[in-house]
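Undergrad: Quick paste of what TrEMBL says about this protein:
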{"type": "DOMAIN", "residues": "B:11-69", "note": "domain 'DNA replication complex GINS protein PSF2 N-terminal'"}
{"type": "DOMAIN", "residues": "B:144-225", "note": "domain 'GINS subunit'"}
{"type": "REGION", "residues": "B:230-253", "note": "region 'Disordered'"}
{"type": "COMPBIAS", "residues": "B:239-253", "note": "compositional bias 'Acidic residues'"}
Amino acid sequence: MSYYDIDAILTDAEKVPCKFELDIPELGYLDNNPAQPLKSGTTVGLPLWLAELLALANRAPSSADEEAKSFVSLNLPPSLSNEVMSALKADPRAVPLRDQSHNFYGLGTRMLDLFEEKEICAILRRTFVTRAADIALHAGKAGATDDMGIGGGEEFLRGLEEWERKLFKKAHDGAKGSKEWMEGVKKHRR
Amino acid sequence: MALSLPSGLVPTEVAFLCEMEMITIVPRQRLESIPMLSGKTPALRPPRRADLPLWLALLLKKQRRANIVPPPWLLPASLQEIVHLETNYDPEAFSPPPPPPMRSDGRGVARPYATTTRSGNEDKELILAPPFLPSCTQDAPSGYLPYHWLEIAETLLAHAADDIPNAPEVRALLRDLQEVRAAKMRASTRHLEGGGGVLNIRGVGAMELAESRGFVLGVVDGVRKLGASAEAGRREELERGDDEDESDDDMGL
């Protein structure tokens, strides 16, 4: 992942729900309540880069008997919630992942770094591999003829998130290259 | 990442490389041996067959100075056999590549796999390693697709269709073969799901690789990224397990 990777930056900006563990004055506007301090226990969606730092950093205990605690506690974002996971378990192809998050797998890997969720990991992997086969099928067909397979595939292609779009482009470039050569070999040669 | 060149060879480059493959021709005119960087070409004497690189063979064919002898695997019977193998024998694996020209006889001696039937060629040196295996000459084994099968077949069909017996059938069989194998290529990535990270692509041709390299690498990379955290956890556990084992050993001693 490069420093200038636009998808990595956008993944960093994805909101994840965080529960604040302490009262914070002057931050009430985050909860649409500017007059009041932000109460502990409030859940606010924070961008991933900030949430990660706040959740991993420990604040100094206010008294000797209190344990060191983090500022916020992280939760799984709605795109990785149980409902989405069970839908993906049932049929990976039926879920438009782009509606869940533009960087669904990117967000997934970042969350898996923070949480140890073996099941989500397995489901994501199965989803990716199953959808990849479909992506290759559509990529081979797209642009071949106007009437073939496009009508039914459009819905599926609209649901692709960024990783899958890149994969689609790669598969399509490969198919296009060999098709162009096949047509070219018949025409121009010596 | 500023230069967005695709990794590996693109189809046109593969097609260019395949023109180095040797192919058998029947010359119609005499032609003296030509010294070239890759070695001397054989002197052409009309009724006698000779092996030439594909590019030269096509040039002579275009000038009507030679006819091309299609490799045995490009004949309809052989292609039918391969299609049968691909569809019925093993619906997941690709048909095997041609056998090596030599095999061990178990006593430490290498013997030629198939004895050459051509007479007058005993002095020819035996080539053992790709990419210069005579996989597309008339000596090539039938029933096996060589590495450059798709490019050779397409080029020959485009420029020497009159030398191929039953060209329309060959063309149709090639389309079938291509479709079947492309479907297998797409389905093969499903094996990555278990996290093995290994894909069996034995017998896949150069053009097919060029076509699906980007896709397959993309899937492998994606699966690797998705499993990275689980893999790190597993490794940690393994290390911890090793430590415990060691301490057990220490106790035993």
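Keep in mind that glycine also has a Cβ here, set from the backbone N, Cα and C atoms.
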Undergrad: Could you please provide the mean pLDDT value for the domain 'DNA replication complex GINS protein PSF2 N-terminal' (B:11-69)?
TA: 88
Undergrad: Mind checking how the domain 'DNA replication complex GINS protein PSF2 N-terminal' (B:11-69) divides into helix, strand and coil residues in DSSP?
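TA: Looking at the domain 'DNA replication complex GINS protein PSF2 N-terminal' (B:11-69) with DSSP, the answer is 19 helix, 19 strand, 21 coil.
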Undergrad: With DSSP, how much of the domain 'GINS subunit' (B:144-225) is helix, how much strand and how much coil, in residues?
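TA: DSSP classes over the domain 'GINS subunit' (B:144-225) add up to 62 helix, 0 strand, 20 coil.
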